[in-house]
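*Asks:* Pasting a structure here, questions to come.
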Amino acid sequence: MSPPASRKHHPRSRPLPRRVPVLLVLALAAAAATVASAQLSSEDYYDASCPAALLTIRSAVATAVLLDRRMGASLLRLHFHDCFVQGCDASVLLDDTAGFTGEKGAGPNAGSLRGFNVIDNIKMLLELMCPQTVSCADILAVAARDSVEQLGGPSWTVPLGRRDATTASASLANSDLPGPTANLNGLLNAFANKGLSTTDMVALSGAHTVGRAQCKNCRARIYNDTDLDAAFAASLRGSCPARAGGAGDGALEPLDGSSPDDFDNGYFGNLLSRRGLLHSDQALFGGGATDGLVRAYASDAGRWGSDFAAAMVKMASTSPLTGTDGEIRVNCRRVNN
Ligand code: HEM
Ligand SMILES: *[C@@H]1O[C@H](CO)[C@@H](O)[C@H](O)[C@H]1NC(C)=O
C-alpha cells in the first residue's frame with residue numbers, strides 16, 4: 001500500500017471526529033456505572049486551570065517515597081480514612097482548633113495517620129502555581145494512586161473534581177472506620193455502608209501488602225488468637241511485649257512480613273499460611289465466604305491488581321462534594337475564612 005493511501009486512513013488534520021462518539025459512549029457508560037461517581041469529572045479536570053497539577057503531585061509523591069518508602073503506604077491510608085468519613089472531602093486533614101474538633105484525634109487516626117506534611121507541601125506548590133484551584137480531596141486521591149504506582153503496584157485513572165469540606169466528624173471517624181479486631185461480618189458491613197461490595201472489600205484489604213501497624217493493634221492477636229502460624233506469632237512476640245501501656249505499644253510490625261514495602265499480592269499468600277498481622281486481616285481467610293477470593297488473589301496478582309484499581313476508583317467516588325458545594329481550601333489544615 002502506498003504511503004498516501006495509508007495517510008488517508010489516518011488524517012492528521014482531523015483525528016477527533018472518529019474518536020468522539022467512542023469517548024461519549026465510554027463517558028456515558030462510566031456515568032451510569034455508579035451513582036456516586038456521576039458528579040466527578042475525568043482526569044483532565046485541571047488540564048486548563050492547572051496544567052502541571054498532576055505532574056506536581058506525582059513528583060512530590062515520588063520524592064517522598066524515595067526518602068521514606070513507608071510514606072507510600074501512609075498516603076494511601078490517608079485517602080481511605082478520608083473517604084470513609086463524610087466521603088472523599090479532605091475532612092481528615094482539618095486540624096483541631098479551640099472551637100473545632102476534627103478527625104485527627106479519633107481512635108483510628110490518633111498517633112497513627114502519617115503524611116500530612118507531604119500533602120501540605122503539594123498544596124503549597126499548587127497554590128503558588130494556580131491559587132485556589134486544586135482541592136485537597138483531589139490531591140489525596142491522586143497521591144494515593146501515585147503512591148501505589150511508586151511501590152510497584154497497579155495504576156489507574158482518577159476521576160477528579162472533588163471539593164473540600166468545611167466540616168469534619170470525629171464521631172463518624174470512630175463509627176465508620178473498621179477496626180483491627182473486626183470479624184468478617186463487621187468488615188463486610190463497614191464497606192457495604194459505603195456502597196462497596198465483598199469483592200471491593202477483599203481487594204482493598206490487599207492495601208495491607210505495604211505499611212506498618214503498631215504493636216497495640218496486633219497484640220491481642222499474636223498472644224491470644226489461635227488462627228495463626230506458631231513461628232509467626234513467636235517472632236512477633238519478640239518485638240511486641242504482652243504488657244499494654246508501655247513504650248512497646250508503638251513498636252512497628254510490617255503488615256506484610258513477606259515483602260513489607262512492595263505492592264504485590266504477598267498479603268494474600270500470608271493469609272493462606274495464617275500470617276495475617278491483624279485479626280481483621282486473617283478474618284478474610286478463616287472458613288468464611290471470602291476464602292475463595294483470597295485464594296484467587298494469592299495465585300493471580302493480575303486479577304487482584306485490576307480488582308484493586310477498580311475498587312479504588314469506587315472508594316474514591318464516595319459522596320464527593322462537587323459543583324458549588326464545599327470549597328477549594330487554601331490550606332488543607334483549615335477551612336477558608
Ligand atoms: C478492611 C478493614 C481495615 C482495617 C480493620 C484496617 C486497619 C488498619 C490498622 C489497625 C492499621 C495500623 C495502624 C497503626 O497501627 O498505626 C492499618 C494500617 C494501614 N492500612 Fe488499613 N485497615 C483496613 C483497610 C484498609 C484499606 C481499605 C486501605 C487502603 C486502601 C488500608 C491501608 C492501610 C495502610 C497502607 C496501612 C499502613 C499505613 C502506614 O504504614 O502508615 N487499610 N490499617
Ligand atoms: C489474652 O486473653 C486473656 C484471657 O482472656 C486476657 O487476660 C489477656 O489480657 C489477653 N492478652 C492480650 C495480650 O490481649
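Note: Cβ is positioned from N, Cα and C throughout, glycine not excepted.
In case it's useful when we look at the structure, here is the feature table from TrEMBL:
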- 1-38: signal peptide (SIGNAL)
- 44-336: domain 'Plant heme peroxidase family profile' (DOMAIN)
- HIS81: active site, proton acceptor (ACT_SITE)
- ASP82, VAL85, GLY87, ASP89, SER91, GLU103: Ca(2+) 1 binding site (BINDING)
- PRO178: substrate binding site (BINDING)
- HIS208: heme b binding site (BINDING)
- THR209, ASP256, ASP264: Ca(2+) 2 binding site (BINDING)
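Each of the listed features needs to be described in terms of its position in the shown structure.
*Replies:* Taking a C-beta cut-off of under 8 Å and a sequence gap of six or more, HIS81 (active site, proton acceptor) has these contacts in its own chain: VAL92, GLU103, PRO108, ASN109, LEU113, ALA173, LEU177.
Under DSSP, ASP82 (Ca(2+) 1 binding site) is assigned to a helix (H, G or I) in the three-state scheme. ASP82 (Ca(2+) 1 binding site) has a Cβ environment of 30 other Cβ atoms inside 10 Å.
In the three-state DSSP scheme, PRO178 (substrate binding site) is classed as coil.
Other C-beta atoms found within 10 angstroms of the C-beta of HIS208 (heme b binding site) number 24, with every protein chain shown included. Taken residue by residue with DSSP, HIS208 (heme b binding site) is part of a helix.
Take the CB of THR209 (Ca(2+) 2 binding site) and look out to 10 A: across all protein chains shown you find 29 other CB atoms.
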*Asks:* Where ASP264 (Ca(2+) 2 binding site) and HIS208 (heme b binding site) are concerned, what is their Cα separation in Å, rounded?
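*Replies:* Cα of ASP264 (Ca(2+) 2 binding site) to Cα of HIS208 (heme b binding site) measures 10 Å after rounding.
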*Asks:* In the predicted model, what is the mean pLDDT computed over the domain 'Plant heme peroxidase family profile' (44-336)?
*Replies:* 98
*Asks:* Whole-number Å distance between the CA of THR209 (Ca(2+) 2 binding site) and the CA of ASP82 (Ca(2+) 1 binding site)?
*Replies:* 20
*Asks:* Between PRO178 (substrate binding site) and VAL85 (Ca(2+) 1 binding site), how far is it from one CA atom to the other, in Å?
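*Replies:* Cα-Cα distance, PRO178 (substrate binding site) to VAL85 (Ca(2+) 1 binding site): 11 Å.
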*Asks:* Given HIS81, ASP89, GLU103, PRO178, ASP256 as the recorded positions, which ones have a Cβ positioned under 6 Å from some atom of ligand 1?
*Replies:* PRO178
*Asks:* Measure the Cβ-based neighbour count of ASP256 (Ca(2+) 2 binding site), defined as the other Cβ atoms within 10 Å of its Cβ.
*Replies:* 28
